[in-house]
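This report refers to the structure that appears directly beneath it.
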Amino acid sequence: MTSSPTPSAESPSDHGHLPEWRTEDLPEPLPFSFGNALRTIGPGAILLVGSIGGGEWIVGPMMTVQYGTGILWIATLGIALQALFNLEAVRYTLYTGEPILTGVMRLSPGPRMWAPFYILIGVAQLATPAVAAGCAAVLFGAFAGRMPVDSDQTMLSGIGVVVILAAAALLVSGRSIERMLERISWAMIAFIFSFLILANLLCVPWETWQRSLSGFVTPQRLPEDINLVMLGLFAATAGSGGLGNLAISNWFRDKGFAMGAHVGGIGGALAHDHQELKSVGAVFPMTDDNHRRWKTWWRYARLDQQVLWGIGCLVGMFLNVNLAVAIVPPETQLSGVSAGAFQADYLARQFGQWLWLLTLLNGFWILFSTHMGNTDILVRTTADILWAASPKARRHSASRLYAMLLGGLTVWALITIHLGNALELFKVLGIVASPIMAFAAIQILRVNTRFLPPELRPPMWRRVALLGSVVVYGGISVALFMNLISS
């Protein structure tokens, strides 16, 4: 029988390169039950719709059609590693109320190094509007009645501009951006999964179901001619891929999970009654009551990430690739300008024109919600980094800082939407995502074993699994780098 934690009213003496935390009691969670879980969880829903739009609707199906279902075990491995990565990022937030990147800035050499570092790699990954370009292909197909071709690039860019502006308008309109995104995400999950389940039941033969399922659980040798850039993109975006995995802790904070309730969140630019965001978090003393509450909060966090997000990602990937391999001829190399819309084309050819608009509608909601989520991820993480690291940034309210950064990103996206098609822009995301995962995993492990009390630190098997993320995503990063310099 383990001993009870020793009460202490003092903050930890080691707070790194940022100011010391305040001390508050851990808020009482709702008793753990199914009904209360539906009221409590939610950040995983935001991350899930973002995952479906990139790796699962575009990259996963394109890779599986070209190389076969024998590569799908990569998705299982990636999602499992990312679910653990996400929870370890959230662990710090539950204890301090701060996003994980604020914890990273407490590490040496401090925010002067890590603030610009993560802002720059975040911009490198998500500032190009790859998913908006895919969304444009879907809308083009709906209005033109055909798949886009290379000569339609100007029209696609124009539609992408409308998508970018619409997403920005929604992101500044809510009282709580996290709550607005969560509500949209739950609605999108219901619609998207209903369509995918129905399409799979109606259009996919049983032997394809068996072959796809086997691919997820049976490791096989990768094809010798596999495109390493696309493989890296697939491994990263099978889950959330890079900055999104870090942003999950920001949404947990804004949701009011555990100590996040003492810190506040980022409201929309039009919100006037939103709880203002504090620049420094709060930690709780390790009393018996707080330790009991922690266990319940941790159960809710695991439910959100392992079940809602993790299993949701696996099911979403399965339904998308299962449908794709059933309707698209094997080894087909799909066009970059049609990324996001090819499912509608092949379904309509084989099962009737009535599926054309229905599939495009599903694709639009998948990609639009993903683009909006990616936009929020980049703006939110940048705003939180500046909020914690820069007194000058705190001269504005957090919501105004968010709105100014959103405006700047929107202008940039309106320019870069003209630089390439959806697949070309999406490759940028994949090249940057794996290095982010590898490097951040090391820092998360350091943060959680340095700043958390011993009772709350990750057990040894989780530490080993985080190092496994370093090996997997670091290896992909090295392979990508070698491929780029040799090509």
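Numbering starts at 1 and runs along the chain as it is shown here.
In case you wondered, yes, glycine gets a Cβ from its N, Cα and C as well.
Any TrEMBL annotation is an automated prediction that lacks curation.
Copied from TrEMBL, the annotated features are:
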type     : residues : note
COMPBIAS : 1-11     : compositional bias 'Low complexity'
REGION   : 1-22     : region 'Disordered'
COMPBIAS : 12-22    : compositional bias 'Basic and acidic residues'
TRANSMEM : 71-94    : transmembrane segment
TRANSMEM : 115-143  : transmembrane segment
TRANSMEM : 155-172  : transmembrane segment
TRANSMEM : 184-206  : transmembrane segment
TRANSMEM : 226-248  : transmembrane segment
TRANSMEM : 307-328  : transmembrane segment
TRANSMEM : 351-368  : transmembrane segment
TRANSMEM : 401-419  : transmembrane segment
TRANSMEM : 425-445  : transmembrane segment
TRANSMEM : 465-485  : transmembrane segment
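Counting Cβ pairs closer than 8 Å to the transmembrane segment (307-328), the top stretch among 71-94, 115-143, 155-172, 226-248 is 71-94. Ranked by the number of CB pairs under 8 Å to the transmembrane segment (184-206), the listed stretches 71-94, 155-172, 351-368, 401-419 are led by 351-368. Per DSSP, the compositional bias 'Basic and acidic residues' (12-22) is made up of 0 helix, 1 strand, 10 coil. The transmembrane segment (351-368) is in contact with the transmembrane segment (115-143), judged by 3+ CB-CB distances under 8 Å for residue pairs 6 or more apart in sequence.
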